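> Can you read through this structure? Questions will come right after.
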Amino acid sequence: MTIVRKPQWLQKKINPAAHAGMEGLLGELRLHTVCQEARCPNITECFRERQATFLILGAACTRLCSFCNVTKQTPIPPDPGEPDRVAEAIRRLGLSHVVITSPTRDDLPDGGAGHYAETVAAIRSASPATTVELLIPDYLGNRESLARVVASAPAIIGHNVETVPRLYQIRAGADYGRSLGVLRTLRELDPVVRSKSGIMLGLGEAEEEVLAVFADLRSVGCSYLSIGQYLAPSKSHHPVREFIPPECFERYRAAALATGFAHVESGPYVRSSYHAARYDGQL
């Protein structure tokens, strides 16, 4: 297999020394972030600015997606004290906007939806001015779980399609149609919900496939979109097939906006929660 080398313009430096303050707070409160667990390349930038995407419901996932660095092992039961600790961290950090996500928890009857709702309620109590964005799994398409999340009334609810339908073998246990169904159901449950999705590029997708995903997302009422470059966390993960140049991301951004998205972030380092407050500014 040919190894695609990372171009010079995609070399982002990570400075662990800049993480100390945030890591101290997270350690004290026994919290996880997707920034750490997913080996996000933006971690230094975000931690330096005292921003973080909180990972609730533990750090172990019940699925085996070949692109993801989150641990694949038997998950622990939900921690009933976690919502309050997340809320305390947000209060101390003084966050105006926060993103909450989790591993997929197919082992739980509601997929963890109730824990999400409890976390939103705790944040509202501790930090009423903070707007909350949730990035949720598919809950196996369970409408009751989705209704529980919608009823918690976050500012934005995200669910990522991740890639084009042809490449869905990288998402073990997922289904493209089901993910579109999640976004459709969110809109059915709350016609004014602000929904969001994300797609990674560089996995071998064709441009026409990407544009078709944009159209599919708009057809189910998706409001916001993030487009970023896939970066393999390690050699054992799914390989990068192509590094997409910045000008292509700009072209995709223009195409997505033309289909009717209210806001689009598109660039090599864009991730679902990267610059998340920019989407919130569209509310």
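For all residues, glycine too, the Cβ spot is worked out from N, Cα and C.
OK, Swiss-Prot features for this one:
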BINDING   Cys35, Cys40, Cys46, Ser273  [4Fe-4S] cluster 1 binding site
DOMAIN    47-262  domain 'Radical SAM core'
BINDING   Cys61, Cys65, Cys68  [4Fe-4S] cluster 2 binding site
> Any idea what the model's mean pLDDT is for the domain 'Radical SAM core' (47-262)?
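Result for the domain 'Radical SAM core' (47-262): average pLDDT 91.
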> With every protein chain in view, what's the tally of Cβ atoms within 10 Å of the Cβ of Cys46 ([4Fe-4S] cluster 1 binding site), excluding that atom itself?
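There are 20 such Cβ atoms around Cys46 ([4Fe-4S] cluster 1 binding site).
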> If you measure Cys61 ([4Fe-4S] cluster 2 binding site) to Cys46 ([4Fe-4S] cluster 1 binding site) at Cα, how many Å is it?
24
